[in-house]
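Peer 1: The structure that follows is given in the form of structure tokens.
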Amino acid sequence: MADSKSGDTEVAHRSSDPSEKRGGWITLPFMLVTLLGMSITSFGWGMNLIVFLIEEFHIKNIAAAQISNVVNGVVNMLPVVAAILADSFFGNIPVISTSTFISLAGTSLLTLITSLNYLMPRPCETGSILCQSPSKLQLGILYVALALVIIGSAGTRFTLAAAGANQYKKPKEQGRFFNWFFLALYIGAITGTTAIVYTQDNASWKLGFGLCAVANLISFIVFIAGVRFYKHDKPLGSPYTSLIRVLVAATIKRKAVISSSSKDEDYHQYGLEKEAKTSTTMPSKSFRFLNRAALKTKEDLNQSGDSSNNMWRLCSVQEVEDFKAILRLVPLWAAVMFLSTPVAVQMSMTVLQALVMDRELSPHFEVSAGSLQVIVLVFGCVFIMLNNWIIYPMYQKLIGKPLTPLQQVGIGHVFTILSMAISAVVEAKRLKTVEDGGHPMSVLWLVPALVMVGIGEAFHFPANVAVFYGEFPESLKNTATSLTSVVIGISFYLSTAVIDVIQRTTSWLPNDINHGRVDNVYWVVVIGGVLNLGYFLVCSWFYKYRNLKDDDHEQVPKDVTT
């Protein structure tokens, strides 16, 4: 009886544990509002940065563009650092809380800079081309503000994706969260790119940056308010150490012989992930070289017969399989990178085209060349909703099974290639019009291609995040979601390199594109896109989902977006 009572008491204690009740859909509003506010903030100060540097700080055009390029690159590369800190040391909730506060300090400082005259150079005299250059103090304070908003933005954008997905147990629910995540991201981007930028251009920079600070403050307050509902995953030390150990151990034992008759007991089963639940007892046959890291040898056993101390010579089977899981995803990650690079090239070319086209939609309204990106965001947002609520469910009803994430990514590839082909045809028509001496074509001719880009992003962005999040080891979930941002950062620099190579080797991109062949540039990226699609199809054909069970689609990530 006593044992029964104590057992009942233990069960009751476990059922009343607050941590058991945390997570789930109650956390969604907190996560989405936080993301929405941070997206408005980051796009609000970032999209108009070049104009701010030129008009308010009197920085020369090329220098302002270079500063903007550096800022954009760092914003997209730094999320990996935030992911490492979250995965290895602090967990994602503390990293997000700290990052939103750092961003708030940065936006507040930008607002202060535009509020106090002595923190900016004096305005240029009317009709004069001579303007006062900023002092070292003024530039120093500006760079501090930019550093703060960069760190804050990088620390929240994709760490928030991992934190949100961690609140759900089923991959299907995680997939639905990713769709909501990207929907909020796009809405915030559209708001920042339109409303905030319009305020900066037509009202004042003080009010524009002030609105960014308000959105940032709301994000910070809402996220902190939801802390009691979040499921907190505490990191168990650096997972990167485990990955390095596998490589080191396999190299040290490179001469060890792996027999085809090896049994479970020949391999080490427990490593740094002792508390992880796994049924893996035998390493897979792929990347067999790495299996040596888990193979027990006489040298691995110390005098007491305990192998647990030889951490750099002996790893567990699960640690080996985690390392293999990452290696299997590298080809897919490369395919995503080479998909994003042509899109970045296309965005740059679209701005150049818009500058020499008729941008007047009415006698009193002219479209800004830099604002065309809003079309991509709007249609990306619309099709994320259509995919989630109409297209994917309809496909599943008709075919009898859902689209896998990799199939969704493949569809995104196709739409992206179509968008570049449309851009090439439109540009050829525009050049023909210029040659014939006709009236400049309307900028609306660029809209169809941008719509295709937005539809493509609606397919491949959420699906890519779902693939990496679902297939990466449990200890590297933040790193998995940050890979999408890394791809954007790398593709940003690669697109610059591609344009530079084309400029050096051809006459297609003169200063006046009316005398160039931008249509040929588009056809080059179309060819690159087709080759990359073929590469992606081969990679996805051979890829086997780590977490997919053929007899149960609910185990996916296969089912994540339905």
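Glycine is no exception: its Cβ is also placed from the backbone N, Cα and C atoms.
Keep in mind that TrEMBL annotations are predicted by a computer and have not been checked by a curator.
The structure displayed is predicted, hence computed values, not measured ones.
According to TrEMBL, the protein has these features:
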type     : residues : note
REGION   : 1-20     : region 'Disordered'
TRANSMEM : 30-54    : transmembrane segment
TRANSMEM : 74-93    : transmembrane segment
TRANSMEM : 100-120  : transmembrane segment
TRANSMEM : 140-165  : transmembrane segment
TRANSMEM : 177-199  : transmembrane segment
TRANSMEM : 205-230  : transmembrane segment
TRANSMEM : 332-352  : transmembrane segment
TRANSMEM : 372-391  : transmembrane segment
TRANSMEM : 403-425  : transmembrane segment
TRANSMEM : 445-469  : transmembrane segment
TRANSMEM : 481-502  : transmembrane segment
TRANSMEM : 522-543  : transmembrane segment
Peer 1: Using Cβ distances below 8 Å and needing 3 or more such pairs, separated by at least 6 in sequence, tell me whether the transmembrane segment (100-120) contacts the transmembrane segment (372-391).
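Peer 2: Contact between the transmembrane segment (100-120) and the transmembrane segment (372-391): absent.
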Peer 1: For the transmembrane segment (140-165), find every same-chain residue at least 6 residues outside the stretch whose CB is under 8 Å from a CB in it, and list them.
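Peer 2: Those are 27-28, 31, 34-35, 38-39, 41-42, 45-46, 57, 71, 74-79, 81-83, 86, 92-93, 95-96, 98-107, 109-110, 113, 119, 134, 174, 177-178, 181, 185, 216, 230, 465, 469, 477-478, 480-482, 484-485, in sequence order.
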Peer 1: Which stretch from 205-230, 332-352, 372-391 shares the most C-beta pairs under 8 Å with the transmembrane segment (177-199)?
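Peer 2: Between the candidates 205-230, 332-352, 372-391, the best contact partner of the transmembrane segment (177-199) is 372-391.
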Peer 1: How about long-range neighbours of the transmembrane segment (522-543): same chain, 6 or more residues beyond its ends, C-beta under 8 Å?
Peer 2: 328, 331-332, 335, 338-339, 341-342, 345-346, 349, 406-407, 409-410, 413-414, 416-417, 420-421, 423-424, 427, 498, 502
Peer 1: Spell out yes or no: are there three or more C-beta pairs under 8 angstroms between the transmembrane segment (74-93) and the transmembrane segment (481-502), with each pair 6 or more apart in sequence?
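Peer 2: The answer is yes, given that the two segments have at least 3 Cβ pairs within the 8 Å cut-off.
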Peer 1: Can you say which of 205-230, 332-352, 372-391 has the most Cβ pairs under 8 Å with the transmembrane segment (481-502)?
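Peer 2: Ranking 205-230, 332-352, 372-391 by Cβ pairs under 8 Å to the transmembrane segment (481-502) puts 332-352 first.
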